[in-house]
Amino acid sequence: MKSFGSVRSIFMHANSVDLVLMGLGLIGAVGDGFITPIIFFITGLLLNDIGDSSFGDKTFMHAIMKNAVALLYVAGASLVICFVEGYCWTRTGERQASRMREKYLRAVLRQDVGYFDLHVTSTSDVITSVSSDTLVIQDVLSEKLPNFLMSASAFVASYIVGFIMLWRLTIVGFPFFILLLIPGLMCGRALINISRKIREEYNEAGSIAEQAISLVRTVYAFGSERKMISKFSAALEGSVKLGLRQGIAKGIAIGSNGVTYAIWGFMTWYGSRMVMYHGAKGGTIFAVIICITYGGTSLGRGLSNLKYFSEAVVAGERIIEVIKRVPDIDSDNPRGQVLENIKGEVQFKHVKFMYSSRPETPIFDDLCLRIPSGKSVALVGGSGSGKSTVISLLQRFYDPIVGEILIDGVSIKKLQVKWLRSQMGLVSQEPALFATSIEENILFGKEDASFDEVVEAAKSSNAHDFISQFPLGYKTQVGERGVQMSGGQKQRISIARAIIKSPTLLLLDEATSALDSESERVVQEALDNATIGRTTIVIAHRLSTIRNVDVICVFKNGQIVETGSHEELMENVDGQYTSLVRLQIMENEESNDNVSVSMREGQFSNFNKDVKYSSRLSIQSRSSLFATSSIDTNLAGSIPKDKKPSFKRLMAMNKPEWKHALYGCLSAVLYGALHPIYAYASGSMVSVYFLTSHDEMKEKTRIYVLLFVGLAVLCFLISIIQQYSFAYMGEYLTKRIRENILSKLLTFEVSWFDEDENSSGSICSRLAKDANVVRSLVGERVSLLVQTISAVSVACTLGLAISWKLSIVMIAIQPVVVGCFYTQRIVLKSISKKAIKAQDESSKLAAEAVSNIRTITAFSSQERILKLLKMVQEGPQRENIRQSWLAGIVLATSRSLMTCTSALNYWYGARLIIDGKITSKAFFELFILFVSTGRVIADAGAMTMDLAKGSDAVGSVFAVLDRYTNIEPEKPDGFVPQNIKGQIKFVNVDFAYPTRPDVIIFKNFSIDIDEGKSTAIVGPSGSGKSTIIGLIERFYDPLKGIVKIDGRDIRSYHLRSLRQHIGLVSQEPILFAGTIRENIMYGGASDKIDESEIIEAAKAANAHDFIVTLSDGYDTYCGDRGVQLSGGQKQRIAIARAVLKNPSVLLLDEATSALDNQSERMVQDALGRLMVGRTSVVIAHRLSTIQNCDTITVLDKGKVVECGTHSSLLAKGPTGVYFSLVSLQRTRY
């Protein structure tokens, strides 16, 4: 029953139209299976006519013509039947796969957040299911299932024909089909288990690749390319070993078909007795024996599809498991109360909670919290104290273990989940945007909003001005995860998304943390206005942003230790809140004395105008909203003309496995030669049946029986050697290709990854899919090709030796058959790039959806994501209709032409016999030889579809491997620095991001950064601050001018060696899916780092204390992108990683923005010590963190407008830009 359920999972996505298509396809496949046994029946009659010498010439030709015409009728019937088979299965395969992708993604988006914490270790899992798994099932439905049905019906039809022709012989031969089934079933079970394990093994490797590509800036910055490739390579070893086991199992399964020869030997012997003692005719004996063996081998061919069925079953089970899973917190459940008039009073009553992924670490033990309706409440406290968990519980991302949460006195468990979330607007600490337009991103907050509402929301969040500067305005693409926007711009768009929702409850989790001072002031005012009349929960580390809230709750270790207004809490001089406030008061008393808030108004009336210009400068948006080129197209222009994808080059990559290639090819040649030898012996044996001497018949029968038994033994042994050898070649070639592709990808310039079509989901999907197709090409198709060439060569040689006249005619018509299947290849290869793009786009959507699942869940945006999926699949679905027609026509033509060629062979052979040019014995030998060879060619022709896919995959592989990298990290003649002093100089630099060459970031830009000194870069969002870091890391090259380090052009360095001397801590902490220890070790130059060094680095970053409180300590799993840790915890680990690197140049891009006050002070002290003696470039919006820097450089519109120390810049007074920035941030207590 379980097996039936598993197989059923493949078809559970069919609707009524698909059932009709599958019904018609079933009729076509069954009819296709009956055609060949019917041909055998007619062939038996023809052979009897030819072998019977009692016919006269006229009578003889009349009988031949009668049966030849019958074959033509069969050919006509096969034309219709095979068209129905080809069209219906191809069409329904695509329809069901498309529906499956939608259902799977819908089910994934339906799951609660806790499911992702426990079951989805990385986005790679979902990408694989959306792309690879659905493709496997589509392939089975479109090609492998109809082949299996045709083979099964051929088995049944063969025995029906056998019983009609000679029931006694058929009964004797009937039990032998079991000999073909038992080995196949045993090996099939092994193949299912191995296939399941291979999929699980590759998940780990796929996850590593996805991280390396999606976090490529971090990988480059820490020189971790080799580490990632080494981890990727090690993760692939398990799947390679399983692949070799799969090769042996397949060799046994296919080799077991050699029992056919032994069966043929026995049946030949028994048939001779039927001729001698029961008056049976030789043609009838041959037809019955070939029906019996064909029926058995048909099942054998069906079992050869077992690998694909096993993969499809595994994929179907995995997909249906997610589809059927009903989450504990079901956003699709319509049941639940909907409050008519919600006021927004929130109450936590004795809540106990711990994350299911870390049950040993309690977050709340007995939390009680009341938030009055219409009031604003701020939650403050140390990083990891449970502030963000309050918001997660309120939105029902999780449910408490004990206690309850009430809204307006009603438990949120009793409320309809979707309605509950629709009443809340969320702005998270790390802004999550989707790879679509700015307008679409804002509409995630309110799907039916008008464009005017979008604009109004953008104005309210101070986003409208910078959006309007883009050539495409609100249609500008933000890139994968918003990569084309600066941090402040992303945050403002996410705030607009929350504002447009007009929620009853507003949830702000560090909503202004990424904004510069001016933007923060304006956005804070907008947020203050938005909170009026709404219940608002604010989480903030910057206490100046929450001093006006109604109530402030101070958290510590999951408990509320203080509650009150700002003024009330400040009265307790020894209180926790007062201590936090003190940490944020600017230490430089000079700034307090000199700054006058009243002086800043005039300055910023002009400054605000400048922001409109500068805010657009750091954008790397798309040049077109409708970019549709695939990865291959994007790469094609960069491939050197002397390097073209070819099968020869692919085989050259298999050179290390040359011994196995030799063994595999020799065994394939031998295996291929077995079939024509068997066919020749069968033809000779038919002539033996027409001998008049029983003694001679017995003697020759004995010889041929021994020959057939010998062929059976050789078939079994050779098959195992052949399949293992080619599996060895395929597995190691696949491993090498994946390693080489990832290695090559990690040499590409960052701007390549900025392109919309080169998203991590799309690349990982191709990495998995293309490599698998290449493995099938080498491990299976090349093997079949070699043995087919061997079989054809031996057959032609034998045929020409027997009778060159008939052989030439029979050989001449073989290309017709081959041509039909070659056309199939061309048809498949002509599938439009829309179909390829559909897979890539689906993978990209899935990757984004999982990465931003909290945002999707919070805004109930599942339907919007599914609409995007439907849009990207519309084109390929239309294309599939045309392809289904072509598939049906080509299949029907090839089948019918094969039957027509048999009729031609009979007619021409009969003419030669009448003319005395050949004997009937020669005709039997040649006919069976070439008909058998024709079927070998036809079976091999079926692989042309796989060859077409393989050709595309090979092209895709070499498109990556041959691409010229604009910024080569391993420049052979590059200067390898032993030590870096850290003198950095920008000389007349012009720069624009490659994805938006028309927007100039820097024009004739120059700046000097002294060695061993600390330089702070400040200015409004989008003024080019982060671009300086990107150029120092050489993520990009300037269009004009030079960036120098230690007086040498940065382009002359060996890039990876140079980056070893540069440490980076980014604005958004980027962690890999691994343990805390592994993440810190990414800062080390080698894989062997002492535990003491790791601990010291963690202590320096104020991370050690919280790490040791975790049950697994440094072995705690961080989750995909550090999802298991709080923002502050992630940032401290990222800082520890930089500390361990001990760099000469330290780049800090908002390094402390995610930390609470106490942690920030301690980390700032650690960074202060780390910066001593090093060149440090610090980007900060919080000016209190940079006032001790040796130099402060103020940027505006890509220009340096001020430069000096904190004191000297303040001395300029109200006319100074820096003075005004400090004024905005001055904390007034």
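The backbone N, Cα and C atoms fix where each Cβ goes, and this holds for glycine too.
Among the features that Swiss-Prot reports, ATP 1 binding site is placed at Gly381, Gly382, Ser383, Gly384, Ser385, Gly386, Lys387, Ser388. Annotation note: Lys387 (ATP 1 binding site) sits in a helical segment as assigned by DSSP.
A sphere of 10 angstroms centred on the C-beta of Ser1023 (ATP 2 binding site) encloses 27 other C-beta atoms. The feature ATP 2 binding site is assigned by Swiss-Prot to Gly1019, Pro1020, Ser1021, Gly1022, Ser1023, Gly1024, Lys1025, Ser1026.
If you draw a 10 Å sphere around the CB of Asn529 (N-linked glycosylation site), it holds 10 other CB atoms from the protein chains shown. What Swiss-Prot lists as N-linked glycosylation site is Asn529 (among others), and the listing cites sequence analysis.
The N-linked glycosylation site annotation in Swiss-Prot covers Asn594 (among others), and the record cites sequence analysis as its basis.
The DSSP secondary structure for Asn758 (N-linked glycosylation site) is helix. Within 10 Å of the C-beta of Asn758 (N-linked glycosylation site) there are 22 other C-beta atoms, taking all protein chains into account. Feature annotation from Swiss-Prot assigns N-linked glycosylation site to Asn758 (among others); the stated evidence is sequence analysis.
Annotation comment: Swiss-Prot describes Asn1004 (among others) as N-linked glycosylation site. Neighbour density for Asn1004 (N-linked glycosylation site): within 10 A of its CB lie 12 other CB atoms from the protein chains shown.
Annotation source Swiss-Prot lists N-linked glycosylation site at Asn1157 (among others), citing sequence analysis.
Here Swiss-Prot flags 22-42 (among others) as transmembrane segment, drawing on sequence analysis.
Note on the transmembrane segment (69-89): residues 21-22, 24-25, 27-29, 31-32, 35, 38-39, 42, 141-143, 145-146, 150, 884-885, 887-897, 899-900, 902-903, 906 of its chain, located 6 or more positions outside it, place their CB under 8 angstroms from a CB of the stretch. The feature transmembrane segment is assigned by Swiss-Prot to 69-89 (among others).
Feature annotation from Swiss-Prot assigns transmembrane segment to 145-167 (among others).
If you look up Swiss-Prot, you'll see 171-193 (among others) marked as transmembrane segment, on the strength of sequence analysis.
Under the heading transmembrane segment, Swiss-Prot lists 251-271 (among others), citing sequence analysis as support. Using a Cβ-Cβ cut-off under 8 Å and counting only residues 6 or more beyond its ends in the same chain, the transmembrane segment (251-271) has close neighbours at 169, 172-173, 176, 179-180, 183-184, 187-188, 191, 280, 285-286, 288-289, 292-293, 296-297, 300, 303-304, 306, 674, 678, 682, 685, 689, 701-702, 704-709, 711-724.
Here the transmembrane segment (274-294) has long-range neighbours at 36-37, 40-41, 43-52, 154, 158-159, 161-162, 165-166, 168-170, 173-174, 176-177, 260, 263-264, 267-268, 682, 685-690, 694, 697, 928, meaning same-chain residues at least 6 beyond its ends whose C-beta is under 8 angstroms from one of its own. What Swiss-Prot lists as transmembrane segment is 274-294 (among others).
According to Swiss-Prot, the feature transmembrane segment maps to 661-681 (among others), an assignment based on sequence analysis.
Within its own chain, the transmembrane segment (703-723) is flanked in space by residues 247-248, 250-252, 254-262, 264-266, 268-269, 663-664, 667-668, 670-671, 674, 677-678, 681, 684-685, 688, 783, 787, which lie at least six positions past its ends and keep a Cβ under 8 Å from the stretch. Taken from Swiss-Prot, the feature transmembrane segment covers 703-723 (among others), and the record attributes it to sequence analysis.
Panel annotation: around the transmembrane segment (782-800), residues 664-665, 668-673, 675-677, 679-680, 722-723, 726, 729, 806-808, 810-811, 814, 925-926, 929-930, 932-933, 936-937, 940, 943 of the same chain, lying at least six beyond its termini, place a Cβ under 8 Å from a Cβ of the stretch. The annotation transmembrane segment is assigned in Swiss-Prot to 782-800 (among others).
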Candidates 22-42, 661-681, 885-908; stretch with most C-beta pairs under 8 Å toward the transmembrane segment (145-167): 22-42
Under 8 Å between C-beta atoms and at least six residues away from its ends: which parts of the chain pack against the transmembrane segment (661-681)? 261, 264, 651, 654, 704, 707-708, 711, 714-715, 718-719, 721-722, 725-726, 728-729, 783, 786-791, 794-795, 798, 925, 928-929, 931-933, 936
Hey, what's the Cβ neighbour count for Ser1021 (ATP 2 binding site) at 10 Å? 29
Six or more residues out from either end of the transmembrane segment (22-42), which same-chain residues have a Cβ under 8 Å from its Cβ atoms? 11, 14, 67, 70-71, 74, 77-78, 81-86, 88-89, 92, 146, 149-158, 160-161, 164-165, 287, 290-291, 294-295, 298, 895, 899, 902
Cβ under 8 Å, sequence separation of at least 6 from the ends of the transmembrane segment (885-908): give me the contacting residues as numbers and ranges. 32, 35, 39, 43, 46, 64-65, 67-69, 71-72, 74-76, 78-88, 90, 142, 806, 809-810, 813, 816-817, 820-821, 823-824, 827, 927, 930-931, 934, 938, 941
Counting other Cβ atoms within 10 Å of each residue's Cβ, which of the binding-site residues Gly381, Gly382, Gly1019, Pro1020, Gly1024 comes out lowest? Gly382
Distance check, please: Cα of Asn758 (N-linked glycosylation site) against Cα of Gly1022 (ATP 2 binding site), rounded to an integer number of angstrom. 24
I need the least crowded one of these binding-site residues (Ser383, Ser1026), counting other C-beta atoms within 10 angstroms of each C-beta. Ser1026
Give me the count of other Cβ atoms within 10 A of the Cβ belonging to Ser385 (ATP 1 binding site). 22
Per DSSP, three-state class assigned to Asn529 (N-linked glycosylation site): helix
